[in-house]
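Chemist: The structure that follows is given in the form of structure tokens.
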Amino acid sequence: MGDRPYPSSNRNANGARTLNGGGATTNGGSGGPPPFPATKAQQYSATRPLYRPLPPQPPRRRGCCCACCLWLTLLLIALIFLAAIAAGVFYVLYHPQRPSFSVESLRLSAFNITSSNLLTSRIDLTVSARNPNRKVIFLYDDVAISAYSDGVDIGEGSFPAFVQGTENTTVLKATVSSSRRSLEPGEAVDLTKRKKVSLEIDLETKAGVKIGGFKSKRIGIRVLCDGIEGRVAKGNPAAAATSSANARCQVKLRIKIWNWTF
């Protein structure tokens, strides 16, 4: 048998193989590598949206709030500590004491209740105020006086404003009275039956202190005096009344903060 001829093939300059006797190339005549279908990664990259970085997130405020609260608390503690030191130094230097009051004398000049439950009264009152401090001066406003008998208001009066020096005792005199004050029937009957009238004296004022050239703001002062008896004799509208052995006067400071009074 004779040898069967086979077409020879050679490669062109671009690396494509050509068959003898024809100009066709195996790459379809484009001269490049054969095309292949796109992979899944290439398809995903073509359809995936562009990456856009998120805007920066604002810093958390919780840490800042905690730090502010901590610093405010420390500042408040420091202010309280400094105020306590200042108060201690002031007390050691001046040793301030509150004033004292006492009822020196009281005379029931008039005490009459009519059949229509109208009260007419007059009380001559003498009160002494004492300042026990050596370096503190008291500055008093007008002093309002109210007289009560078992809670029933039987008269009003006042002391004028005054300045009380150091280690000084000031004697104050005033008239406490009421003119035809209307009483409840039960109150009128109760007061009429008594031979002795128990009295309470209520003093209210505002006072400040002066130390050298410094003057403080005025604060409220209330003085309550009880244990006083007034004797009323029939046919004698004027009868003396003196403080009993249990008579006492209490001094209370009335400090007002906003709408609260302590």
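Every residue gets a Cβ built from N, Cα and C, even glycine.
What TrEMBL lists as region 'Disordered' is 1-42. The compositional bias 'Gly residues' annotation in TrEMBL covers 20-31. Annotated transmembrane segment per TrEMBL: 70-94, in sequence order. Look at TrEMBL and you will find 126-223 tagged as domain 'Late embryogenesis abundant protein LEA-2 subgroup'.
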Chemist: When you scan the chain for residues with a C-beta under 8 Å from the transmembrane segment (70-94), skipping those not six or more beyond its ends, what do you find?
Modeler: 133, 135-136, 211
Chemist: Looking only at the domain 'Late embryogenesis abundant protein LEA-2 subgroup' (126-223), what are its DSSP counts of helix, strand and coil residues?
Modeler: 9 helix, 66 strand, 23 coil
